[in-house]
Amino acid sequence: MFASAPSSAQVAAPGEHDGRYGDADSWRSKEFEKDWGLGAINAHHAYARGLSGAGIALGQYDSGVALDHSEFAGRGHVSLALAEPGCVSDPGVIVFRGPGRCFSTRGDAPTREFSFVYPARTAPYQYAGYGNHGTHVAGTMVAQRDGVGMHGVAMGSRLVTARFFGDTIYRWDQGADGTWKRAAIASSGVGGEAEVVTDFYRQLSEHGVRAANLEIWLPIANSPQANTLAAVEQTYRDYQSSYDAYMDGAIRHGIVNVVALGNDSGRIANIYPGMAAFRPEAQPYWLSVANVQRSGDGGYVISPSSSICAYTKDWCVAAPGTLINSTSIGGSLQGQIEGELTGEEALQIRLGQAKPVLNYADLSGTSMAAPHAIGAMGLLFERFPYLSGPQVRDVLLTTATDLGAAGVDEIYGWGLIDLKKAIDGPAQILKDSDVVMDRAAGGLKVWDGDAWDDWRNDIGGPGVLSKSGAGWLRLSGDNAFGGLKVKQGVLELTGDNRYPAQVEGGTLLVNGSLTSASLPVRAQGELAGSGRIVGDVLMQGRVSPGNSIGTLSVQGDYVQAAGSSYLVELASDGRADRIEVSGKATIEGGALQVAYAPGQYLLGQRFNVIDAAGGVAGQFAALEQAWLSPFLKFGLSYAANQVDLSVDRGASFASVARTRNQLAAAGAADRLAVGQGLPQPLTQLFPEQALAALDSLSGEGHASLRSILLDDSRHLREAALVRARHGGGLAGEGEGAAQGAWIELLKSGGTLDGDGNAARNEYRGSTTLLGYDYRFDGGWRLGALAGRGRIDSDNGRLDQGRIRGTQFGVYGGRHFGAFGLSVGIAVARQSVELDRRIGFDGFADRTRASYDADTRQGFVEGAYRLQAGAWGFEPYAQFAQVRVNSDAFRESGGAAALDGRAAESRVDLSTLGLRFDVGLKGAQQDQSWLSLRGGLARRHAGGELTPQTQVAWRGGDAFSVAGAPLGEDATLVEAGVAARLSASSLLELNYSGQFADEAHDHGINARYSLRF
């Protein structure tokens, strides 16, 4: 598993005169082709990658630059002022000899050259102009791409220029053979003093300069063997302080010096490009440049005028330097000579009118080759902003196209600069190098993934590459250099790699192959990827196979040391990180850390995390995990050749249960077999979800239905007792034998509120009763009734119940004066159906059960009648016993279906109350034809108020579940009206209600009675 990192910075859109990104040939405009050297070094490939040298400062020490040339306009180029300590100069006067002569220059003021020609036997002829060298070199370095003239290699870079050369007076003489020779007879000085050079590098550093092109002149020892290394070294020894100033400045400020080899027609490089040969610590900061020209066959060959790399070959490249078109300055200037040209007397020139002409010119020489090299460096500084100057120089060297003899040779050094290859990273690690990856690559990102940079060349060389910094560096080629050390960040390998490697910190991401006899991963290091390691691995840090999920192959032995960790990522589809070892895997402890992707992990699922053909020895000391849910965790198992992770049970369901039903259901669920169907989805839940699921699964609705039957039984009981007491008022006391028939239509409904264990239940019912009774002469009234009814119920668990029942009963009653006695028994046979809908995350089921039940009750009531005019009052006491029996059942459905045992509930009901009635009649009526009735009572219930049912899931243990309880104490309210329709018929409308803390019930009935 591996996390991503930031990608490359954004690149500005191409300008008006630019080509298209990704299309190198589109950059070969007319302006581009003006300098054939741009194509020769493949600069167009760098431009197509979004590189221009933008943000890079390049230095120059030369003859001054005409920065007012249009090619340098608006670019923020910088001119440095240099001077000997204490030098004060007059800008209108050039002092060549005598008082006031000292070195003082500005980088934007090209040198001035005064020439005196001495033809034979004629008077001297004078002319004056500007030194063009620095301006021409600067154009090749940084001239802008504006659709006019030519443009420089690093066309987006900023120039920081200083002037080394002073102004010069030359004498031209024609020899006897007719040739002309030029000799300097006076100079205003050069910037070679150590103090000036030190200041030069200081100023370069202040402006952020990464490399500087040097065109300098220093003393050279007189030696008959001037074309030998010994002569060059002698020069260095004779004037060491002067030369050391340049090398000290480069080293101190990290600036690479680019120096032309010289134009000595095949002789060895002079002291300027070669001085670092005598200071090895300065060599990484030196780059010497030979001049090549086109050979005519599409290739390139060294110019006959160029010196050769010779002893500088290890830091020497070749670049185009013949007939190079670039910026130039010409024109004329005037001045008045004050003093004698010859001799030792004071000599100065007072300047007059200047007429510079800015244009373009073709020049040749190694001085024209060197700016191609430093311009290429500017592009590579932008491309590799995290590399040091010497490291960028090595990229330039090692990616050059070989010319001449194979390898690094004394003519061409490393060969011709090739920016097409260089922009893909080094081709060799020349010395031990630490790459500090602290920022993303410059230019366009042309690789896949989240790496900050991708070195795509094959890399060799003797050096060891160390990777530091937080960034992500990828090596895509096939590499075989001196070694690899990963210290920080990410180093990714995708090709074939063969070298000793170690991980001291950061992450080594192997997605190709790595052949290393041993690969130690230290405590702060990490090994990741889906590649192959050929060699033994010692894991003291962390291993994390894959790029997300994958297999890391070790062709050797693998040791997981104490204190280390193995981070394994899992996916719910069975995929897992894995280490595949061809040898032996030794586990000396450490921790296995589990990270899992979202998904459903199933109880009993297994994941192979280590497979070792040579066997597995030892065990992990710890298994670190974030549990999938409180009810699932991972476990480790070890076999002879493998280590597996398994999904095991975590906490029990019972450990989170809160109510009696939850605890009972949870205990049974804990004991279910893995394959039963419920454990898998239940174990995916978190506690609150699990509690709701257990409530839904418990089947408490079956028990609650018995409470509903118990509660609803009162309506039949009340109907029977009303008839037993006095026949509804149609057969009065003292009359003879009489018989009557009646019919009652009842609508009822109620709620059992639940008790926090069982859910709330609501029910609705309707019943039709038919009855017949007979009053004997002795006063006893006996009757029978029968009826049919239905009840529909719903509860908070989404259960739906349906009860269809047939009811039978007998009743009797007699009055003993004011005291009345009523008794009865009744039986109901019911058909019960319960539909349950069970749903929670990852599971859904519907179950149905159909079974029979019966309700039996017996009841007795005693009442005493008090009459006060039209009002009658009747205190009473009532006792009833009700029993409900339900048959065993078997639900249809899936894994949530229950089997239930037969169950019984018995309740004793004791009631004390008062009824009243009042007859209403007109003034002329003898009897009341309309009466109002009411009543108020208190009922106490005893016995099994909370019904219970034994249930079990298929293949599981039985558990007891409780339904919604009946109210222990309730208030009964009744009200009604009775109207005589005739002397033998009566119509009654009645309401009765029962109110308790735990429940309430309402009933409305209409009863029609007929006496005959």
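Backbone N, Cα and C define each Cβ position, glycine as well.
Range 1-24 is the one annotated as region 'Disordered', of 1-24, 577-600, 721-744 (source: TrEMBL). D62 (active site, charge relay system): 27 other CB atoms within 10 A of its CB, across all protein chains. In the structure as shown, the Cβ atom of H133 (active site, charge relay system) sits within 10 Å of 22 other Cβ atoms.
Taken together, the residues in the domain 'Autotransporter' (734-1012) have a mean pLDDT of 94 on the 0 to 100 scale. Long-range C-beta contacts of S367 (active site, charge relay system), restricted to its own chain and to partners at least six residues apart, with a cutoff below 8 Å, comprise H133, H136, V137, E215, A260, N263, G321.
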